[in-house]
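Participant: The Zn(2+) 1 binding site annotation in Swiss-Prot covers Cys40, His42, Cys66, Cys75 and is backed by sequence analysis. Residues or ranges marked as S-adenosyl-L-methionine binding site in Swiss-Prot (evidence: similarity to another entry): Gln174, Tyr175, Leu176, Phe177, Arg204, Asp227, Asn245, Met246, Asp278. Swiss-Prot lists Cys383, Cys386, His396, Cys403 with the feature Zn(2+) 3 binding site. What Swiss-Prot lists as Zn(2+) 4 binding site is Cys397, Cys400, His413, Cys420, and the listing cites similarity to another entry. The Zn(2+) 6 binding site feature in Swiss-Prot is assigned to Cys428, Cys431, His439, Cys441. The annotation compositional bias 'Basic residues' is assigned in Swiss-Prot to 472-484, 500-509. The feature region 'Regulatory loop' is assigned by Swiss-Prot to 339-360, with similarity to another entry given as support. Feature annotation from Swiss-Prot assigns region 'Disordered' to 472-516. Annotation source Swiss-Prot lists zinc finger at 40-84, 446-463.
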Amino acid sequence: MATSRDRLGTLEAEGSSGRQGYSGVEVVLSSDPATPAPLCPHELGPTLLFVKVNQGKEETRRFYACSACRDRKDCNFFQWEDEKLSGARLAAREAHNRSCQPPLSRSQCVERYLKFIELPLSQRKFCQSCQQLLLPDDEEKHHEHQVVGDVSITQLKRPSKLLYPLENKKTNAQYLFADRSCLFLVDLLSNLGFRRVLCVGTPRLHELIRLKESGGTKSNIRSLLLDIDFRYSQFYMEDSFCHYNMFNHHFFDGKAALEVCKTFLQEDKGEGVIMVTDPPFGGLVEPLAVTFKKLIAMWKEGHSQDNSQKELPIFWIFPYFFESRICQFFPSFCMLDYQVVDYDNHALYKHGKTGRKQSPVRIFTNIPPNKIILPIEEGYRFCPLCQRYVSLENQHCEHCNSCTSKDGRKWNHCFLCKKCVKPSWIHCSICNHCALPDHSCKGPKDGCFICGELDHKRSACPNISTSKKVNKAVRKQKQRKSNKMKMETTKGQSMNHTSATRKKKRRERTHQYLCS
């Protein structure tokens with residue numbers, strides 16, 4: 001699920017920095033389990049706990065917000081962690097949440113699907129306006145809508161071709177793999193010997209695996225799709241699709257869907273399964289990592305203690321500039337040089353002159369890179385020194401002892417920085433590191449918000465308790481000033497009122513005297 005060019009600069013800054021961008025908002029991963037998170041209005045499951053940080057100048061205060069939406073226009077849910085809600089407000093929120101749920105339950109969708117495939121071709125219709133398969137009884141309600149007729153079984157097996165992509169870049173970012181990218185992944189998974197694929201946010205890959213399985217081609221791979229788009233519920237049985245939010249590990253259909261996923265992962269004692277995920281690039285790495293670790297723990301439950309050191313194989317498709325953040329949570333991961341460029345409905349990430357070299361999309365995996373063969377015909381070669389496939393432009397650096405390029409271009413070695421850098425970067429003597437020629441030397445720096453050191457974050461700062469005390473004192477002082485100003489304003493207004501009353505009475509006495 002890719003994102004647009006106008007977001008890449010922001011995302012690269014966030015990915016390469018030591019914190020969540022420069023907005024001063026961080027995810028709180030360890031919330032109190034005894035206090036369940038509230039649900040956001042559009043029913044994407046439990047919210048996440050965040051904290052605002054302003055370089056240690058103000059006391060931090062936690063708040064709940066939507067797990068999937070980074071834009072308040074998409075989901076305006078906001079609640080302070082310590083905020084006490086009235087019973088009336090809680091009841092109103094619950095009623096609103098119920099009104100925002102999908103119109104059909106999971107069992108109703110399955111029941112309708114079974115009826116739909118039994119219909120003759122002439123009666124199989126799909127409403128593009130409502131994004132819904134229509135049964136004969138539904139046609140009257142949709143007679144003014146844009147309806148597609150003669151929906152074939154082949155079309156039903158490719159629902160992503162029927163459904164309009166959800167292209168909200170910060171929430172769904174549903175940019176779909178082209179068949180070319182999917183075929184490469186399917187062939188790679190097959191060559192690696194996997195028999196089951198857990199597709200987390202990869203509906204096109206799920207479709208192609210199922211097509212190969214049912215099409216008589218040599219494929220013994222099965223797949224299960226976990227996706228936040230509830231529209232897929234009307235095309236799959238319960239054992240093929242689970243409505244799921246990867247940002248908070250929430251199964252919308254409860255324990256039944258959870259058991260489907262668990263059974264799929266633990267089949268054959270967990271052997272022969274891999275997870276492939278393509279999250280929205282605007283999503284936060286931290287909650288995704290927490291979710292994936294929960295899926296890994298679910299997979300490990302089916303293992304014996306002898307295999308406790310094994311890892312669930314994973315392909316995480318994400319921009320290369322998030323490498324350090326991903327490896328922070330998964331140290332065993334490495335980034336492949338393969339550039340995922342083919343997204344059907346994306347203007348930039350397509351194969352051709354404007355495609356591959358501009359794509360930041362890579363595959364992060366815990367599978368040894370020497371086992372993964374990349375296509376030579378697409379411009380990849382095997383580096384015998386690194387023991388992995390790399391792009392042709394990615395030259396081996398004898399000083400770094402590695403093929404160092406991340407973006408497909410030839411990088412240059414900087415002897416002052418003691419590492420390879422992008423060809424467009426130069427060494428800045430003021431900043432003492434390489435950067436773009438027109439960079440600002442006074443720009444924001446990585447490291448701790450409180451003390452400025454680079455070796456730790458704000459949450460691990462030894463001065464955090466002192467900072468909190470100072471912030472608390474500053475906050476109290478501000479509160480006292482505010483209260484004093486209010487009192488002075490009130491007092492001034494009272495004195496002005498008394499003075500005006502006295503003047504009025506004086507005028508009245510003078511008037512009476514003159515008239516007498």
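Placed from the backbone N, Cα and C atoms, the Cβ positions cover glycine too.
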Participant: Return the member of Cys66, Cys403, Cys431 nearest to Arg204 (S-adenosyl-L-methionine binding site) in space, with distance defined Cα to Cα and candidates limited to these binding-site residues.
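Facilitator: Nearest in space to Arg204 (S-adenosyl-L-methionine binding site), counting only the binding-site residues, is Cys66.
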Participant: Calculate the per-residue pLDDT averaged over the zinc finger (446-463) and state the result as an integer.
Facilitator: 63
Participant: Counting across all protein chains present, how many other Cβ atoms fall within 10 Å of the Cβ of Arg204 (S-adenosyl-L-methionine binding site)?
Facilitator: 24
Participant: DSSP-wise, what's the residue breakdown of the zinc finger (40-84) into helix, strand and coil?
Facilitator: 0 helix, 13 strand, 32 coil
Participant: Please state whether DSSP places Cys431 (Zn(2+) 6 binding site) in a helix, a strand or coil.
Facilitator: coil
Participant: Three states by DSSP: which one describes Cys441 (Zn(2+) 6 binding site)?
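Facilitator: Reduced to three states, the DSSP call for Cys441 (Zn(2+) 6 binding site) is coil.
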Participant: So if I draw a 10 Å sphere around the Cβ of Asn245 (S-adenosyl-L-methionine binding site), how many other Cβ atoms end up inside it?
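Facilitator: Taking every protein chain into account, the count is 20.
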Participant: List, in sequence order, the same-chain residues at least six positions removed whose CB sits under 8 Å from that of Cys441 (Zn(2+) 6 binding site)?
Facilitator: Cys428, Ile430, Cys431
Participant: Listing them in sequence order, which of the binding-site residues Cys75, Asn245, Asp278, Cys397, His413, His439 have their Cα within 10 Å of that of Cys403 (Zn(2+) 3 binding site)?
Facilitator: Cys397
Participant: Would you mind pulling the DSSP three-state label for Arg204 (S-adenosyl-L-methionine binding site)?
Facilitator: helix
Participant: Please name which of the binding-site residues listed here, Cys397, His413, His439, is nearest in space to Cys66 (Zn(2+) 1 binding site), Cα against Cα.
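Facilitator: Closest candidate to Cys66 (Zn(2+) 1 binding site), judged by Cα separation, is His439.
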Participant: Could you measure between His413 (Zn(2+) 4 binding site) and Asp278 (S-adenosyl-L-methionine binding site) for me? Cα positions, answer in whole angstrom.
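Facilitator: Here the two Cα atoms are 32 Å apart.
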Participant: Would you mind sorting out which of Asn245, Cys386, His439 (the binding-site residues) have a C-alpha within 10 A of the one on Cys400 (Zn(2+) 4 binding site)?
Facilitator: none
Participant: What does the structure give for the C-alpha distance between Cys386 (Zn(2+) 3 binding site) and Cys397 (Zn(2+) 4 binding site)? Integer Å is fine.
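Facilitator: The separation of the Cα atoms works out to 10 Å.
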